Amino acid sequence: MMYHIPGVLSPKDVARFREQLEQAEWVDGRVTTGAQGAQVKNNQQVDTRSALYAALQNEVLNAVNQHALFFAAALPRTLSTPLFNRYQNNETYGFHVDGAVRSHPQNGWMRTDLSATLFLSDPQSYDGGELVVNDTFGQHRVKLPAGDLVLYPSSSLHCVTPVTRGVRVASFMWIQSMIRDDKKRAMLFELDTNIQSLKSRHGESEEILSLLNLYHNLLREWSEI
């Protein structure tokens, strides 16, 4: 399943990010990809050795960790270190699949269950640059408002189309979920969102408490901690 997570960063935060990223040191984006991805990748990334990078990636981690909808959809166990990329002048990233595992500074290795892109450029400011994701439900083309995030299975083939005007800047990361199976995770998300909707409309009740108990028992049964 693919999820649109709105408002991860406020407009004020997005403007500050963009201003700071204009001063960043950018390097060839192929430094962080494997042999297969390097053949189709043509973009730039912020140098991960810079002090600015360290500060901004911490802010992204804090923002997603505090976003209730992100947590409900991803049920994260481990988040990768966020990276930042830039596309301009017809730069693109052809169809590829993300690696199944990635190194992690604290945990050694993590499994990539979900991929996330946090858009930092207004969609009207550039042409092209759609994230195209192929999954079992077909092909999806994604170009979200700045500050919004898209979450999708890392097992999906995906690409970024050429940016023919303007500049597309984004942050991206990977998530190891407490729930490895996409279908089970989707069922838990649907159950959770419906419980929250019922609570907002009708308040607390024995039936809602029973559904909440079911949710946590399923999470207990399926989670890998």
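For all residues, glycine too, the Cβ spot is worked out from N, Cα and C.
From a predicted model like this one, the values you see are computed outputs, not experimental measurements.
Residues within less than 8 Å, Cβ to Cβ, of His158 (Fe cation binding site) and separated from it by at least 6 positions along the same chain comprise Phe95, His96, Val97, Ser115, Leu131, Val132, Val133, Asn134, Tyr152. Under the heading Fe cation binding site, Swiss-Prot lists His96, Asp98, His158, citing sequence analysis as support.
Here Swiss-Prot flags Arg168 as 2-oxoglutarate binding site, drawing on sequence analysis. A sphere of 10 angstroms centred on the C-beta of Arg168 (2-oxoglutarate binding site) encloses 27 other C-beta atoms.
Residues annotated as domain 'Fe2OG dioxygenase' in Swiss-Prot: 78-177.
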Confidence summary (mean pLDDT) of the domain 'Fe2OG dioxygenase' (78-177):
96
Cα-Cα, whole number of Å: Arg168 (2-oxoglutarate binding site) versus Asp98 (Fe cation binding site)?
20
Secondary structure content, the domain 'Fe2OG dioxygenase' (78-177) (per DSSP, counts of residues):
3 helix, 62 strand, 35 coil
